[in-house]
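First the structure, in the form of structure tokens, and then the observations on it.
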Amino acid sequence: MLFDTHAHLNATQFNEDVEQVIERARAESVSHIVVVGFDRPTIQRAMELAEQYSFIYAAVGWHPVDAIHMTDEDLIMIERLAAHPKVVALGEMGLDYYWDQSPKDVQKEVFRKQIRLAKKVKLPIIIHNRDATADIVDILREERAEEVGGVMHCFSGSIEVARQCMDMNFYISFGGPVTFKNAKKPKEVAKEIPLDRLLIETDCPYLTPHPFRGKRNEPSYVKYIAEAIAELKGLSFGEVAQKTSDNAKRLFGII
Ligand SMILES: [Zn+2]
Ligand SMILES: [Zn+2]
């Protein structure tokens, strides 16, 4: 039982073979996948996959890199889709100061609008953060995001930041980097996070874990994340798989 909490099976990299990719995930005991939308076409595709497969769920939101292109109509579309029974979260949303495609003030406004919407529709949020930790934490606090909570996806910050986020009702999710031999910090932080606040994800097709680093990522590889965390924490693979699945179900309201 493995729960991949963040997969982009809606990305064009899976256009040719998504069915086989999903079959491989099932063969590796992946019981649930959240496919995360980040713009118009990927939201559409996430909905299609969630309607097609019982074990696939959708998150709908707007990525900060493309914040400049989100319209009021897009926000209305996200609100409408939030009522769909297979939509379990809003996101991904957040701030990305690495790619310089949308001005910071636009990113912040689009982020705030989505947090407010999540509170209105009562869904948890999936946070994308790249080089923007202080502003993310400030906005989550100012907007009282703890009312809905959510997940810090592909977390790469310090244990102090992780604690601030956990205090605001957020889970901490780890992906491929926790398996990299030279990734000291994510390993140290993952070791410290209590098991009942941890989630695992692939963020496929990106961030492929060791030993497939450099190739296209896919949900069947989420077992490598669970293995790495089990090793770091001195727990069994089964316990990490079960606990992180239970956490994800609790967060996303899946019975
Ligand atoms: Zn992301
Ligand atoms: Zn993502």
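Using N, Cα and C of the backbone, Cβ positions are placed for all residues, glycine too.
TrEMBL entries are annotated by machine, without manual review.
Feature annotations, reproduced from TrEMBL:
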type	residues	note
BINDING	HIS6, HIS8, GLU92, ASP203	divalent metal cation 1 binding site
BINDING	HIS128, HIS153	divalent metal cation 2 binding site
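Distance between Cα atoms for HIS8 (divalent metal cation 1 binding site) and HIS153 (divalent metal cation 2 binding site): 13 Å, as a whole number.
Neighbour density for ASP203 (divalent metal cation 1 binding site): within 10 A of its CB lie 23 other CB atoms from the protein chains shown. By a simple count of nearby Cβ atoms, those within 10 Å, the most crowded of the binding-site residues HIS6, HIS8, HIS128, HIS153 is HIS6. HIS6 (divalent metal cation 1 binding site) sits 8 Å from HIS153 (divalent metal cation 2 binding site), counting Cα to Cα.
Same-chain residues with CB within 8 A of the center of the HIS6, HIS8, GLU92, ASP203 CB atoms, the divalent metal cation 1 site residues themselves not counted, are ALA7, VAL36, PHE38, ILE126, HIS128, HIS153, CYS154, GLU201, THR202, CYS204, TYR206. Cα of HIS128 (divalent metal cation 2 binding site) to Cα of GLU92 (divalent metal cation 1 binding site): a distance of 6 Å. Take the CB of GLU92 (divalent metal cation 1 binding site) and look out to 10 A: across all protein chains shown you find 29 other CB atoms.
Looking at HIS153 (divalent metal cation 2 binding site) and GLU92 (divalent metal cation 1 binding site), their Cα atoms lie 9 Å from each other.
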